[in-house]
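What TrEMBL says about this protein:
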type	residues	note
BINDING	Gly26, Pro27, Val28, Gly29, Thr30, Gly31, Lys32, Ser33	GTP binding site
COMPBIAS	243-258	compositional bias 'Basic and acidic residues'
DOMAIN	23-190	domain 'CobW/HypB/UreG nucleotide-binding'
REGION	216-258	region 'Disordered'
Amino acid sequence: MPENLTQETIPAAAASTRSLRLGVAGPVGTGKSSLIATICRAMSEELQIGVITNDIYTDEDARFLRSAGVLPEERIRAVETGACPHTAIRDDVTANLLAVEDLESDFAPLDLVLVESGGDNLTATFSPALVDAQIFVLDVAGGGDVARKGGPGIARADLLVINKIDLAPYVDVDVEQMLADAVDAREGGPVLALSRKQQDTVDRLSAWVREMVAKHRAGSHTPQDPGPMAPHFHADEDGGYIHTHDDAEGADAVRHQH
Ligand SMILES: Nc1nc2c(ncn2[C@@H]2O[C@H](COP(=O)(O)OP(=O)(O)OP(=O)(O)O)[C@@H](O)[C@H]2O)c(=O)[nH]1
């Protein structure tokens, strides 16, 4: 340390304010906000938690979480993505990164910041520049064969959650088969069956989060990129277009106008 720079003169920001940044992605309505509420409810006494939500035009998810009363309201902040939600978690993560850093410095030290992606399709994943680890959420109501369809989030997120298993008998889904398909699609990567109504499954989710926070603190977790999104369709007033995030073609390359 230079002679004139004593411990007292090191700016506060140099002290570690870095939480585990944990992304939660998955198709619309699979239960991302509910899963975040469940983690907050189960773990807010043992961990200091903050939440960033992403919605296209509203702050609806943030309002849902605030009204659930699972965290002090000021620890839940919304980023309005204004465009396709995956752009803000993958191609240009600036708005989200600033929101995470502000939260970390306003409430330092936080242990965990959960970043909820806007509901998207099967292909959305977070950039490792934004999150240290990510959960991909499917639900049984989306159909028992979804896990077999693969995609970067299903195959390579740090954890795949099959949510709402309490609904399986009503939608004729065999949960064990769906879990087995998911384990195959992930070549053995972790898969968790979840229902917020079944405490044993919530306990397993908390245990996974606890272990990930511990690994992050110990420096033994390396963020992985699940891989680029597959080309996908965006509807607009003129019908829509296929959009690809293939690096070779540029983040917003448009392959085909409809
Ligand atoms: N039965 C049951 N319903 C659930 C469970 N988790 C979530 N839900 C319901 O599923 C619906 C969607 O949940 P959300 O948490 O809003 O889903 P989301 O993925 O955040 O939705 P978007 O942000 O719109 O993509 C809500 O009606 C929840 O009450 C569960 O474990 N069991």
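Backbone N, Cα and C define each Cβ position, glycine as well.
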Filtered by Cβ under 8 Å and at least 6 apart in sequence, the residues in the chain of Ser33 (GTP binding site) near it are Thr53, Asp61, Phe64, Leu65, Glu116
CB < 6 Å to ligand 1, subset of binding-site residues Pro27, Val28, Thr30, seq order -> Val28, Thr30
Counting other CB atoms within 10 Å of each candidate's CB, the least crowded of the binding-site residues Gly26, Pro27, Gly29, Gly31 is Gly29
Residues near Val28 (GTP binding site) by Cβ (under 8 Å) yet at least 6 apart in sequence within the same chain, in sequence order, are Gly119, Asp120
Note on GTP: the CB centroid of Gly26, Pro27, Val28, Gly29, Thr30, Gly31, Lys32, Ser33 has further same-chain residues inside 8 Å, namely Gly119, Val137, Asp139, Asn163
Model confidence over the domain 'CobW/HypB/UreG nucleotide-binding' (23-190), as mean pLDDT, sits at 92
If you count the other CB atoms within 10 A of the CB of Lys32 (GTP binding site), including all protein chains displayed, you should get 29
